[in-house]
Amino acid sequence: MIRQEVNDQLSRPLQDLRISIMDRCNFRCSYCMPAEIFGPDHVFMSEEELLSFDEIIRSAEQFAALGVKKIRLTGGEPLLRKDVPELVASLRTIEGIEDVALTTNAVLLTKQAKSLYDAGLERVNVSLDALDPEVFQTMSGRKTKPDAVLHGIDAATDAGLGVKVNMVVKKGVNDGEVIPMARYCKQKGITLRFIEFMDVGQTNGWEFSQVVSKKELYEQVSQIALLEPVERDYFGEVASRYRYVGSDVEVGFISSVTETFCGSCTRARLSADGKLFTCLFSESGFDLRALLREGVTDSQIRDWIRAVWEKREDRYSELRTEETAKNRNKIEMSYIGG
Ligand code: SAM
Ligand code: SF4
Ligand code: SF4
């Protein structure tokens, strides 16, 4: 009932909520948390700063009442947080939430896949940028072997979870892995999604020359087999999807740099310390945690979210230049939750 009333008042679609549940990570990917910056002295959030599970659930209930149908847990590395299956189980009971998913580097997935599935998790997106151990280590900034991720993928599939693999491509670093990764995923029947390297945050040294465009990626993947386009499933879907002709295996391209999609962006983000962001490239967020801890009513929280969302005018990817990439105080990906 509440859902219907409030939905009627929202003029901009808000369908997806990404919740970062942990700002720490066991990797130091060069494009996200470069080891030179996120070194041993880096100060992460304290337990007190993180939203508690109760606060996350209460927030998610209000977003659901405003029309959010999908929740994705992310980070940092979400599986570094304790008891994630419990959180998933609670989120699954919220009226209006149709889908709970998780994005992970999969190192801790082997142990947790079954309990996550049993808790009601539908799908995982696993980040894997290379199969070659050296290239993988250069991208991930750690000595971990890609096998740890591959085992996580197998465990997730065996547990019954839907699995997609995300690969960020950096020119001159892992672009030689595009075809091996595409072959591997095709043979396993897993959707691989190539993500153009983005200028999120201020620490990853992004330059346009390091971006491998969707067009270049498409041409490379087409060497394996012909591709045919697949219709979008829903408004706001970010990947352009293709299928290998003669199979039902898909491949996707998330072209946030060369073919922007701000006009159909329906996604809000909640950082691990409870700041609401209306764009991945925002310079600041809105402090939902303060509100939750002030003891306001659910209805006041919904009014507040609605006010933030209705004022939204984000379209950073349409405005991006080398200048904006360098000179804006953009929040880090590991903080905002990818
Ligand atoms: N640690 C988890 C993981 O890596 O899957 C979840 C958080 S991570 C920030 C979420 C996603 O953001 C990953 O798929 C990662 O590849 C992507 N990502 C991070 N930095 C990026 C960048 N600069 N450009 C494009 N994608 C990026
Ligand atoms: Fe960690 Fe994910 Fe960022 Fe890599 S992309 S550093 S795994 S949060
Ligand atoms: Fe959405 Fe901002 Fe990305 Fe545009 S740049 S698609 S508004 S998150």
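Yeah, the Cβs are placed from backbone N, Cα and C, and that goes for glycine too.
What TrEMBL lists as domain 'Radical SAM core' is 9-228. Look at TrEMBL and you will find Arg18, Arg72, Thr103, Lys164, Arg267, Ala268, Arg269 tagged as GTP binding site. Residues or ranges marked as [4Fe-4S] cluster 1 binding site by TrEMBL: Cys25, Cys29, Cys32. Annotation source TrEMBL lists S-adenosyl-L-methionine binding site at Tyr31, Gly76, Ser127, Met198. Per TrEMBL, [4Fe-4S] cluster 2 binding site is recorded for Cys262, Cys265, Cys279.
Contact annotation for binding-site residues (Cys29, Arg72, Cys262, Cys265, Cys279) versus ligand 3: Cys262, Cys265, Cys279, each with CB under 6 Å from a ligand atom.
Nearest to Arg269 (GTP binding site) in space, judged by Cα atoms and limited to the binding-site residues Cys32, Gly76, Ser127, is Gly76. Listed binding-site residues: Thr103, Ser127, Met198, Cys265. Those with a CB atom under 6 Å from ligand 1: Thr103, Ser127, Met198. In the three-state DSSP assignment, the secondary structure recorded for Arg18 (GTP binding site) is strand. Long-range Cβ proximity for Tyr31 (S-adenosyl-L-methionine binding site), meaning a same-chain Cβ under 8 A and a gap of 6 or more residues, is found for Met139, Val168, Lys170, Phe197, Met198, Asn204, Trp206. For the recorded site, Cys262 ([4Fe-4S] cluster 2 binding site), the DSSP three-state label reads helix. Within the model, the domain 'Radical SAM core' (9-228) carries an average pLDDT of 96.
Comparing the Cα of Cys265 ([4Fe-4S] cluster 2 binding site) with the Cα of every entry in Arg18, Cys29, Cys32, Gly76, Lys164, these being the binding-site residues, the smallest distance points to Arg18. Among the binding-site residues Tyr31, Arg72, Thr103, Lys164, Arg269, no residue has its Cβ under 6 Å from any atom of ligand 2.
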